Amino acid sequence: MIELIGSGLLHVLEPANLVAIVCGVLIGMAVGVIPGLSGGTTMTILLPLVLLAPPDTAVLFLISIWGAAVYAGSISAICLNIPGTAAAAATTLDGFALAKSGRARLALRASIIGSTIGGMASALALLFLSPLLARLALSFGPAEMFAFALFGMATVASLSSGSLLKGAIATFIGLAIATVGIAPTGQTRLVLQPGLVTGVPLIPLLIGLFTIPAAIEMMRKGDASIAIDLKTLGGKESFLAKASDWAKHGFNFLRSGLIGVVIGVLPGAGPTIASFIAYGEAKRAAKPAERQSFGKGNIDGVIAPETANNAAVFSSLVPALALGIPGSVDAVIVMAALTSHGLVPGPLLIERSADVAYTVFIGAFVANVVMLVLGLYLARYIANITRVRQSFLGPGILVLALLGAFSVHNDVFEVLLTLVVGVGAWFLRKLGVPMAPIILGAILGPMLETYLVQALVLYGGAVGAITTRPVAAVLGLLAILSIVVPPVRRMLARRRAA
């Protein structure tokens, strides 16, 4: 393993890969600060272009955008009380209160340091957990892999937007999309156009679900812009300049990083959930006198969510790279980049393409170091990007998205498909239907069906035989619990409140 780490480091230090990381971090910080324009949206726009680069360079570029965008969402959260990304929503609770009291610089420094520590924690998880999980997965049969995919979809559906019904509807839409094309048994299904024989193309689907609705919303807002007063970024307060500061906040960093890593590994949970859980735990662990200051400008209220949300970023790649089961929508985009280069995410990726895998693992560390340096010195200038009018951003993003959809196979049908999916996704968003379960259902659907067919063939068509496998039975039980527990918990909470 030491040799693989050394080889990965050498690959990361190649000029092309370093440039990819720096450019990715800069782009991620620029888009993350703009509400409505997430890292995932930007990754889908640029995905067709990065396919021209080698696989390791392409993935390093994408994950750098991803991590930096999650961090940069805190800049507008602190200065405007408007989170640039959903993952920064919890940061507004104390970050904006600090900014209003003239301590914006303190909050921004806490944010970048917390994000870096969280990102390093998730990179460690990626480095050490992925190979272990991949080796374990090689001993699994189709029953276990079917149960893993089922658990992933159940978790995503139950955690989506707080509504089990809407999450389930979105998951079923994704599964319906997955049925298009050739079934594992050889039949063709719902092939209305030759371009759908191999299924609905992933890149037009991604762009349609996430980029087109964002562009439509920006165009609807017209000439509205979001401007940050750079004077709020002044102040001379330092943060973590003394050992006593580390002693005071160290356990919060550690606890929040661990929460983020664990939540990130769970399919569908992601940085937003991790940030709110970490914020709640930081408040619960505070002394009674300090607890009252949460929501009014407590620095631990910035540290906790920012450490946790970045800790959940790269750790969500663990199930994606080790099992082929994406832990988040952004992980799907990384998987799409790998599959477009002929590398199939899963247990064999780390075994057969260890050079690419370990380059990505080590690159995650380097991306966090670059993010720390640029974040400390450029945050106040990047914040000024929010002055760009949304009436300019929307059409520009739409054109880039459609060019990206066309450039993959030079196929006009894929452009039309992107538009159809995009308009449909915009209407679904208006109804409150989440997008994440749709794309994860579309990704996991073929895996679910393939492993189910293999398991049925292996066990002579006896569905019940699948549950005799201990790992499959436990995962099936967890899938049921992930569906049942959240609504029961909400019902009990309402009863207590009444």
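One-based numbering along the chain as shown.
The backbone N, Cα and C atoms fix where each Cβ goes, and this holds for glycine too.
What TrEMBL says about a protein is an automatic prediction, not a curated fact.
TrEMBL lists 18-440 with the feature domain 'DUF112'.
The transmembrane segment feature in TrEMBL is assigned to 18-38 (among others).
As annotated by TrEMBL, transmembrane segment applies to 45-69 (among others).
Look at TrEMBL and you will find 75-99 (among others) tagged as transmembrane segment.
Among the features that TrEMBL reports, transmembrane segment is placed at 106-130 (among others). Outside the transmembrane segment (106-130) by six or more residues, the chain places 5, 67, 70-71, 74-75, 78, 91, 94-95, 98-99, 233, 235, 237-240, 253, 256-258, 260-261, 264-265, 299, 302-304, 306-315, 317-318, 321-322, 350, 357, 360-362, 364-365, 367-369, 371-372, 375-376, 379-380 with a CB less than 8 A from a CB of the stretch.
Annotated transmembrane segment per TrEMBL: 136-157 (among others), in sequence order.
Same-chain residues lying 6+ beyond the ends of the transmembrane segment (164-183) with a Cβ under 8 Å from its Cβ atoms: 153, 156-158, 189-191, 196-200, 205, 428, 431-446, 448-449, 483, 486-487. Marked as transmembrane segment by TrEMBL: 164-183 (among others).
Marked as transmembrane segment by TrEMBL: 195-216 (among others).
Residues or ranges marked as transmembrane segment in TrEMBL: 317-338 (among others).
For 358-379 (among others), the entry in TrEMBL reads transmembrane segment. Sequence-remote contacts of a segment are chain residues at least 6 beyond its ends whose Cβ falls under 8 Å from one of its Cβ atoms, and for the transmembrane segment (358-379) they are 4-5, 7-9, 11-12, 17-18, 21-22, 24-26, 28-29, 56, 59-60, 63-64, 67-68, 71-72, 75, 108-109, 112-113, 115-116, 119-120, 122-123, 126-127, 130, 233, 310, 314, 317, 321.
According to TrEMBL, the feature transmembrane segment maps to 391-409 (among others).
Taken from TrEMBL, the feature transmembrane segment applies to 438-459 (among others).
According to TrEMBL, the feature transmembrane segment maps to 471-488 (among others).
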When counting Cβ pairs under 8 Å to the transmembrane segment (317-338), the leader among 75-99, 195-216, 391-409, 438-459, 471-488: 438-459
Two-stretch contact, the transmembrane segment (195-216) and the transmembrane segment (75-99), at least three Cβ pairs under 8 Å: no
